[in-house]
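Asker: Found this in TrEMBL, in case it helps:
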- 314-511: domain 'Peptidase M1 membrane alanine aminopeptidase' (DOMAIN)
- H371, H375, E394: Zn(2+) binding site (BINDING)
Amino acid sequence: MSKIKRFLLIVMIILIIFSMIGCDTKEGGTTSTTGGIDTPKEKIGQTDFSSKADWESYLSEEKYNRNVLDIKTPNEYKIYIEFDPIQKKYIGKQSVKYINNEDVSLSEIYFHIYPNAFKEDSTTPYSSDSYIGGFNSGLINVTKVMVEGKKIKYSILGDDSTLLKIPMKSALVPGKSVEIYMEYEVILPNAEERFGYGDNTFQIGNGYPIAAVYDSRKWNIDSYYSMGDPFYSDISNYSVTIKAPKDYIIACSGKILSEEVQGESKVWNVEAKLMRDFAWAASQDFIIQEKVIDGVLVKNYLLPNSETINTEAAELAYKSVEVYNKIFGKYPYEVLSVVTADATGMEYPGMVFVWKSNKLNDKSLETTIIHEVAHQWWYGVVGNNQIYEAWLDESFAIYAEKLFYDEVYGEEQGEKYYDEIVDIYKNRIGDSGKKELILMPTYMIEDGNEYTGLLLKGAMFLHEIEKDLGKDKFYNILNTYYEKYKFSIATTRDFIDVCEELAERKYEEDINNWFFGVKKKD
């Protein structure tokens, strides 16, 4: 388990508040070599934001916000996976139709290959207590890359070897597409985390090559930092086939179209349209409970436990969808899978992981589920750069917990819940004298307290808006923001613009205070 993630789980259990993600920082990258190419060392991924001016420049870049609804054809992934639970690995074959949706020609295309972060003890983002019996390696071995049917030489980059650089024979011009084919083998670490396995489940998050995002920062090729969820991806369409032993049950992002037994195996065919990632899990022990909520099939993949706990977990998932549909906007997919796993809480489009309930008390089970389900709206549908603007999904999901309490238990209980958020924030700051700035890249954050403070402060900023405008106007802001930026990448500037438009006032002083630590004028 990642260091800060376990830390936050302890906080959640002790103070009965919430479950989040992250751990201490790592710096990204230099290059290594593969595919017959020696690549000169280069710094990749990071931008130094040391001043308010740096951030204001970053947030004002027009090209940064790219509405994917304007893109006629998102990238297309066709992935075949052959899963071997005995060897703790899977073979992958995937074809990607990559479309250049930018206004410049691309001479190379980058893919993140996140499993390589777990190859060495020195690069793993997990803390030692995530591993069962000590550190053990996980990795992805890319064995073939073809562009338009022809083998090419490629490079593996980064201190943690999590970046695949694929050169184009001729520059890919705007509006054109290219077919990229890959074969690879992935080894899973014995770790209770979003990528790994434990006693009951295999959980595969960020387990395949995924195209990096090209925006005004050019290629976003950050490493797999150990603080937070260091992921940033565009909406794509996925067609996935998973072959596994027939006694295993597969849970995944998207909609399962068919299951077919073939000898001792079962083949699962999955469709996941307009999603910014794909994740899956496998277990021999899953018990499925499902219910249709507002037209959404909510599937709970539970583990053998007390009937009371499983029923409670399932009902929380159902209620979360009902509440968030009401206050944020309609969940746009047909299926949501809530998967109990050997992993702490983690969100993926159309699917969330929840740590198996014997690890959680009743309150932390509740807060984990309502937090992770909220991420379907904030991160899943409305995307953001989770490295540079983590608050846009994490702080929103934290504050969604408070709003859930408002709707389900009454506003008095919601305010008590918010008071606990403030108390945790104060405990994280203590007498350190630190100013938690809501806008800070995760790789610049010193420790877990600072990261927690950043996210909680973002939730407190949202509370300030609600208190100022009232619940109805605040809900209107959230719903408008969601509808305007769903299936796209939103920024802090985008959210503030919606606030200013609907509140009919400027938020400059509020931004200076909350985001940059500049106090309001008297």
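Just so you know, the numbers here start at 1 and follow the chain as drawn.
The backbone N, Cα and C atoms fix where each Cβ goes, glycine too.
Any TrEMBL annotation is an automated prediction that lacks curation.
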Asker: If you count, for each of the binding-site residues H371, H375, the other Cβ atoms lying within 10 Å of its Cβ, which residue has the minimum?
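Answerer: Ranked by other Cβ atoms within 10 Å, the binding-site residues H371, H375 bottom out at H375.
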Asker: Would you mind checking how many other C-beta atoms are within 10 angstroms of the C-beta on E394 (Zn(2+) binding site)?
Answerer: 31
Asker: May I ask you to report the DSSP-based helix, strand or coil state of H375 (Zn(2+) binding site)?
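Answerer: H375 (Zn(2+) binding site) sits in coil per DSSP, no helix or strand.
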